[in-house]
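Quick look at what Swiss-Prot lists:
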- 29, 30, 31, 32, 86, 87, 88, 89, 90, 413, 477, 478, 479, 493: ATP binding site (BINDING)
């Protein structure tokens, strides 16, 4: 495909135009008085959202240079969303301000590389001040306040705080669509996986259609169990102990399954068989997790263990097991706390090292099942459009709350950046174009507060000047229009969100300023179709 090439100022200005179009569409959503954006979908109802990354993803520009500029800023929003779960609009607004100021200085003759170095040093200094000023989240109310701001709904904030309180910061909080109105919170004790009983004959509670085993042994087998002779030895040993048995295997086939069912129906031996969760290597890992949690071992020929020779000390134990048609829950496994902690550390290391979003999500689920718990927030709404929007807001707020617990909180409303900047620039000693680069950051960190003020119908310059003169931690509460102590008023941001927004915006701004050439695909003109669409090329069949 033919290419078109732009050089120097033309290249940078083309990229900036794309950035500005995208940023202008996103920044109207910033702050408590931000507006919504309607996104048309090829199929189904349109989506209404105030989430920066969702809006950014939908924007495709026609001009090739503008398109590249917009794609670069999408990366800012996407990266911030991945790391912190929020702050995508703030990151976009900061990127726009940094690029605007930076390009003005490049056009005036400043050295782009020195500007970039100055920006990086200033951002590092501001980040250091942000982290130093962060306050640890100590109460449920502080988590609720943070989540409420992200979701723009106090009820959602309170529910997320309750969920986090129950499952801990390592726990998984999932959001599901509900057919009812309102919000519901469902908590899961212990480890749950998505496989139920193989046969309904295992049910012990006919009304609830579930099998409940108290203080059972747990047999974990990596292969299929097809021959009843392989099982007889271990079954006899378990029966002698008068305990029940949960069998987790790739499958339990006809003969072996029939033996278990007959013993259960006759009341001789209570057991339940379920298929192992997952597939391939992921199944192996999950079985190993269950073994560590319950203090058992996976019976597998790979490690030289066979079902035929299995002994009771290879079995896991738990206080209780509940099995339904679709899922199995193991409550209070009898595993060694030290071994569980080691497994948790291993999974954490894998999360750090993986590049795949899907793998990361699955690893986090495994981590939660071992270290925390699982909470499900069920959201309902009157229409499908509203439901999608609400679900998305809750998902963002969950990640926002987790970020707050992780690194602490700072005053919200764009104030933390300005006040961290005041301290950071007092100590920063730079010269020449590096000092100019630092000054670009000094100007740009006002941008989020200015945009919040504009969206609230206030004069941005006046608001920024007023906030600069206020005590540390005080600022504009844009929801009420009052200048007050923001942390006390529950207006806060996770420092991870604010920090990530600034760092990612600066990273992209540096790329913009040091770009000298842009190579893009040449737009193809739409060639009109040839007249006469029949098989004889317009000859009417003759």
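Along the chain as shown, the residues are counted starting at 1.
Any Cβ shown, glycine's included, is placed from N, Cα and C.
Feature map: annotations from Swiss-Prot on the structure.
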| residue | record | DSSP (3 states) |
| --- | --- | --- |
| 29 | ATP binding site | helix |
| 86 | ATP binding site | coil |
| 477 | ATP binding site | strand |
*In sequence order, which same-chain residues at least six apart have a C-beta under 8 angstroms from residue 86 (ATP binding site)?*
80, 150, 396, 397, 399, 400, 403, 494, 497
*Cβ-Cβ neighbours of residue 479 (ATP binding site) (radius 10 Å)*: 16
*So among the binding-site residues 29, 90, who's got the most Cβ atoms within 10 Å?*
90
_Comparing the binding-site residues 88, 477, which residue's C-beta has the most other C-beta atoms within 10 angstroms in this structure?_
88
*Around residue 31 (ATP binding site), which residues of its chain at least 6 apart sit with Cβ under 8 Å of its Cβ?*
413, 451, 452, 455, 456, 478
